[in-house]
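J.: First the structure, which I've put down as structure tokens, then a few questions once you've had a look.
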Amino acid sequence: MDYYTILGVAKTATPEEIKKAYRKLAVKYHPDKNPGDAEAERRFKEVSEAYEVLGDAQKRESYDRYGKDGPFAGAGGFGGAGMGNMEDALRTFMGAFGGDFGGNGGGFFEGLFGGLGEAFGMRGGSESSRQGASKKVHITLSFEEAAKGVEKELLVSGYKSCDACSGSGANTAKGVKVCDRCKGSGQVVQSRGFFSMASTCPDCSGEGRVITDPCSVCRGQGRIKDKRSVHVNIPAGVDSGMRLKMEGYGDAGQNGAPAGDLYVFIDVEPHPVFERHGDDLVLELPIGFVDAALGIKKEIPTLLKEGTCRLSIPEGIQSGTVLKVRGQGFPNVHGKSRGDLLVRVSVETPQHLSNEQKDLLRQFAATEKAENFPKKRSFLDKIKGFFSDFAV
């Protein structure tokens, strides 16, 4: 029979609708609710087989295209590799309800069976992965290294795969056998009261295999402690707080499981001259009031290969004005573009003047015209009106 018909859903059903339909039927035909009922057991296996296919996006796509006997269905098609025994059907059942057992409650079974899942120590979902642990290291870069990119060698402590046994944990290939209790699945299904549950196999600790002749070097773990040098290529444009992920450079997994990842966290030292704002650089440039009045061309520092660039400061520039030098900022870490260099001009008032300098400034002040100081004139006009309002 068609899997969609078995679950009572349309071919356009969403994954959530398929799961909901399966849950309802699986509870209805569960053998613990129908003891000794052969037809209920058959239907339970049937709906479990249908969900095993339709609940998996890849299997469902193959089934929709080719039917039960499609090229990706395995030997004998989907049905031939389906729920031939009750243990497989119960495992599918546990997978569909896994996230709702025990724990902090509120799930489907807690409402249906009064929290029996927690009472029996049920675990949600599949067993945790035995992949090696991920590692993290911090690296400090100079401002220039972050701007240009750099290669670094890091010394990382952790676990590596045991060379003596190639990570298997056994002296020889014959030193490993399939667990007799769980038949290699890593889980055992037990019937407790009203329903059945899957739990980690106690004989193999969920590995699915038992090492009878452990490696003398790693003592059956498949890995050993190690310190190694890791070459890291840090791209230009990184900033503090960013991290680089190096897949497979973490701890080796136990008994041949995949290695974890290495995360390199970046810290960038501050620069004495530049501030960074995204990909833009900000440079505070102090100039004298004469240069501000007359205008000037100045050599200013940059992070580019040339080291400097010439900046034209227009006459009459005011303190706080920002001049933009395009393309002289930080490179974007995700592409080929660069930010800009933003030069914030700070006009400095002279201090500790000599008598001669003071006399020259007084002579200049005597020649001032209103148009020389438009802001000053505007301000005086405003306060003149302000005081006239309070005149008696």
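We count from 1, first residue shown onward.
Placed from the backbone N, Cα and C atoms, the Cβ positions cover glycine too.
When I checked Swiss-Prot for this same protein, it listed these features:
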BINDING   C162, C165, C215, C218  Zn(2+) 1 binding site
BINDING   C179, C182, C201, C204  Zn(2+) 2 binding site
DOMAIN    2-67  domain 'J'
REPEAT    162-169  repeat 'CXXCXGXG motif'
REPEAT    179-186  repeat 'CXXCXGXG motif'
REPEAT    201-208  repeat 'CXXCXGXG motif'
REPEAT    215-222  repeat 'CXXCXGXG motif'
ZN_FING   149-227  zinc finger
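For each listed feature, how buried is it and what is near it?
T.: Classification of C218 (Zn(2+) 1 binding site) by DSSP places it in coil, neither helical nor stranded. Taking a C-beta cut-off of under 8 angstroms and a sequence separation of 6 or more, C218 (Zn(2+) 1 binding site) has the following same-chain neighbours: C162, A164, C165, G169, I224.
DSSP assigns C182 (Zn(2+) 2 binding site) to coil in the three-state reduction, placing it in neither a helix nor a strand. The Cβ neighbour count for C182 (Zn(2+) 2 binding site), using a 10 Å radius and every protein chain shown, is 23.
Looking only at the domain 'J' (2-67), the predicted model's pLDDT averages out at 88.
Residues 176, 211, 214-218, 220-224, 252-256 of the same chain sit 6 or more residues outside the repeat 'CXXCXGXG motif' (162-169) yet have a Cβ under 8 Å from a Cβ within it.
When Cβ-Cβ distances below 8 Å are used as the criterion, the repeat 'CXXCXGXG motif' (179-186) is approached by residues 91, 127, 200-204, 206-210 of the same chain, each at least six residues removed from its ends.
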J.: Using the alpha carbons only, what distance in Å do you get between C182 (Zn(2+) 2 binding site) and C215 (Zn(2+) 1 binding site) once rounded?
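T.: For C182 (Zn(2+) 2 binding site) versus C215 (Zn(2+) 1 binding site), the Cα atoms are 23 Å apart.
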J.: Which three-state DSSP class does C204 (Zn(2+) 2 binding site) fall into?
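T.: Looking at the DSSP assignment, C204 (Zn(2+) 2 binding site) belongs to neither helix nor strand, so coil.
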J.: Non-local Cβ contacts of C215 (Zn(2+) 1 binding site) (under 8 Å, 6 or more apart, same chain)?
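T.: Listed in sequence order: C162, A164, C165, S168, G169, A170, N171, G222.
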J.: Provide the number of Cβ atoms within 10 Å of the Cβ of C179 (Zn(2+) 2 binding site), excluding the reference atom itself.
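T.: Here the count is 19.
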J.: Please list, in sequence order, every residue of the chain apart from C162, C165, C215, C218 whose Cβ lies within 8 Å of the Cβ centroid of the Zn(2+) 1 site.
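T.: Checked against the 8 Å cutoff, the neighbours are D163, A164, S166, G167, S168, G169, A170, P214, S216, V217, R219, G220, Q221, G222, R223, I224.
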